[in-house]
């Protein structure tokens, strides 16, 4: 078997000579922003271990104080700043330095502007010294931002070299976060098209910190890798097919996809403007369950509907589950693709723990025609048959990646005229109604299920999104979170050869070699009905507490 060098593994998207000349400029500009004092020795970069998560602690580039700060979750950072135990400058400096190290090992960034972050933090510290209070609930909190969300004066992209740009203003989400006291210092990597569950761009391929032979996920893969490396305690991702939940699951962190149009999208970079067959939503990727709540309470508390007319003024209502027994449906698989053994092991363990608890009632959840729903949402993604993507790539000379070719090709993708677009939306709406009726017939509050048909996938192989995209089609909010398990080749094996349920299942089975996934986090997903975001947050907290007991 051919061994791929680290340099080759982390390499970005190629193209013809003119493309390569432009790409080199962008890469060199980013490289120049990483201070010499934070560069890892060549001996590490030439042959790092598969698991690179410990390198920031052992490389000697961070002080004990900085290492201690970067162990904090976002809630702790905010609490310590609010009582004067930590300054905003110290917080952003520590996370910024660790982010620079993380990037060299995972290609997680597209822009690094720690100096600007420190200036912003100095202003916040000065305000705190003068006024004796914080300016908002996120005062001084360093937040990493996905590449497609503009931050004034920084680099952003809609998934191609052709639309890399420097933002002239904040998008609505970053504007709100700034008003709440957040500090920005990095922008994170994402894939060509923004529509892969992997993240490889002009800037590089994002590697999974726990096993660099695996992907960190996509399209918010830069965020997941950075948070897992503790170069950020909380970041902002987007999710239109699994792009928060899949990368969060792959890297063993927490991620929340809110119901669409509850968090602001105005100003976000995208190459199919006006395409409204499906919506994305913006949400947190972080180190703890309470950080998801912190983020959503702060952002929704700012009433984003006053700024973005597309946002619905839906308040975040978090129920008290001590007054009602939570009814959890367990979906071991979706009837289309059977998850790999590490995920089945984590789900079986979770089911046993929940069944033994008096706090929740557990039932088996039967999925409803997920194959049909997945076909509908795949067709909605590219109603022009992928023509826009092919045009952008042709004009810039950027090579088409295998996952791009897959995502814009038949049988799921074809061109539509107006009447065909209407017909497709009608199919979507009928399926949503049928699924809603089915959900009620199952009598569940939330569903616990896989976030992906395995742990993190091997590079260029993530071709089944059904465990996340189905909930995007329905617009059901969901969260991915770590089970605490990791893939173990000694036990995560098939006892007997399984019989494939579908062609997609046969493909997924063909990818599994227990030795290849060693150390990859095994994560879980909880989903609820549309606009039940608060219930999903509360349910996740209850379920995780039971699992940890």
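Every residue gets a Cβ built from N, Cα and C, even glycine.
No curator has checked TrEMBL annotations; they are predicted automatically.
Summarising the annotation, TrEMBL assigns active site, charge relay system to 146, 219. The active site, acyl-ester intermediate annotation in TrEMBL covers 243. As annotated by TrEMBL, domain 'Amidase' applies to 90-537.
Close to residue 146 (active site, charge relay system) in the fold, though at least 6 residues off in sequence, lie 187, 188, 190, 219, 220, 222, 223, 235, 236, 237, 238, each with a CB less than 8 Å from its CB.
Within its own chain, residue 243 (active site, acyl-ester intermediate) has 194, 197, 217, 218, 219, 220, 237, 280 as residues 6 or more apart in sequence whose C-beta sits under 8 angstroms from its own. The domain 'Amidase' (90-537) scores a mean pLDDT of 98 in the predicted structure. Its Cβ placed at the centre, residue 219 (active site, charge relay system) has 33 other Cβ atoms within 10 Å.
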